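Per TrEMBL, the features are as follows:
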- 7-32: transmembrane segment (TRANSMEM)
- 44-64: transmembrane segment (TRANSMEM)
- 71-90: transmembrane segment (TRANSMEM)
- 96-112: transmembrane segment (TRANSMEM)
- 163-182: transmembrane segment (TRANSMEM)
- 188-214: transmembrane segment (TRANSMEM)
- 226-243: transmembrane segment (TRANSMEM)
Amino acid sequence: MPGMTEICVFLAWIAGGFVSGVSGIGGAMVAFPFLVMLLPVHEVIALTCIVNMVMDLCLAGLHFRFCRVSALWPMLLASVPGSFAGLYILQVCSGPVLQGAVGLLLLYYVYWQKTFRARGSIAHPRALGAVAGFGSGLLGTAIAFDGPPVGAYGLCMGWEPRVLLGTLGVFFVLRATVTLALQGMAGFYTPTVLTCAMYGAPGVILGTCIAFPVVKHISQQAFRKVLLCVIAVAGVVCLVRALG
């Protein structure tokens, strides 16, 4: 029988999967702040990386044919050293430091979503893609949030939604494979993490499936505003817990 922790993990990732299914963003950002109330932050990071892989596989499978391969390689190659740097950060930083970093990133993500405006063509797209890939590898391995750097890159490039989802979906799967291998070899996948992942993975799939039939009935603009408010509150909670 699952305990209260496993049930809460399942429910948190249903919410995360639903959010990602409706808006395409924010699934891990919604689930993470609730999970750190149940588990140590290092275990939540490892758990989130595993469940994110399940979510990324769904994304890649749905939009694979739209993947922009020429843009994929600079991001992917640069993400490998970024992942090693992220593993080092994960190993040497304490739980409060990591939780504080998550809080700051969540708040910055809200700020970026509210202020970003596309500014035309990019002078050196491959170099910018490599920078985004390195940042994604570092953040994805260190605190399980690999989306903001490459998401910003995709928006700067002006990709249409299907190209963005296809390219980033394939990138996330390949990049996450490196992270899972590094974290596994470093011993972060404890029995608790693996047990919770067994509940988180079906939760995120269920949440995504629930979102599919209702997405056309939800105002994307209104939902996005609510989501950003939730993420902002979650960021403040993470900062308060880190400082306390």
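The backbone N, Cα and C atoms fix where each Cβ goes, glycine too.
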Region pair the transmembrane segment (226-243) / the transmembrane segment (96-112), three or more CB pairs under 8 Å: yes
Positions whose Cβ lies under 8 angstroms from the transmembrane segment (44-64), at least six residues beyond its ends: 9, 13, 16-17, 20, 27-28, 31-32, 35-36, 90, 98, 140-144, 146, 162, 165-166, 168-170, 172-173, 176-177, 179-180, 183, 188-190, 193-194, 196-197, 200-201, 203-205, 208
